[in-house]
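Marked as substrate binding site by Swiss-Prot: Thr44, Arg45, Arg85, Asp105, Asp106, Val107, Ile108, Phe109, Lys110, Gly111, Arg112, Thr113, Arg138, Val162. Positions annotated as motif 'PRPP-binding' by Swiss-Prot: 101-113.
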Amino acid sequence: MATPAKVIEILSAEDLRRTLTRLASQIVERTRDLSQLVLLGIYTRGVPLAELLARQIETLEGINVGVGALDITFYRDDLDQIGLRTPAKTSITLDLTGKTVVLVDDVIFKGRTIRAALNAVNEYGRPEVIRLAVLVDRGHREVPIHPDFVGKQLPTAKEEVVKVYLQDWDGRDAVELVGY
């Protein structure tokens, strides 16, 4: 990849904290029974985001919600373009039948990752409802998928990249827009 021409901070650590609090509040408001809520983070950055949202929901409501990690490697429709990758480990320890599942991802772009995640979820039961929470929605969909919960709407050029940094994974919290 070429050297970035510009890097713009979109969310600072404090902005990210506020955004996660707002997302958690919205999820709580739209969930009829929090005891049936399961947050499924999509590898890679969706996993720690799901954990952060679960902690925030516990802070807000005093309830532990289910959290899992979803690897979509074998459900992707672009394996011929990106090549086979070593799959991460899906970690879903409960039957999703009848649950309110919120898929969590860092950035939604074309929508293809979420399409693959929807296919993968069916391997673990039939949820009552599946919703989608994303930290950043940058537009440019290629499939008709729309998130239910959005931290930040960020119109971008197709060649720009949104980078999400999380303390537990990267040593800092931030969201940046990188232009080339």
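Note: Cβ is positioned from N, Cα and C throughout, glycine not excepted.
Not measured: the values here are computed from a predicted model.
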Count of other CB atoms lying within 10 Å of the CB belonging to Arg138 (substrate binding site): 21
Structural state of Ile108 (substrate binding site), classified by DSSP into three states: strand
Where Thr44 (substrate binding site) sits in the secondary structure, as DSSP reduces it to three classes: coil
Mean of the pLDDT scores, which run from 0 to 100, over the motif 'PRPP-binding' (101-113): 97
Per-residue Cβ crowding (10 Å cut-off), top of binding-site residues Thr44, Asp106, Lys110, Arg112: Asp106
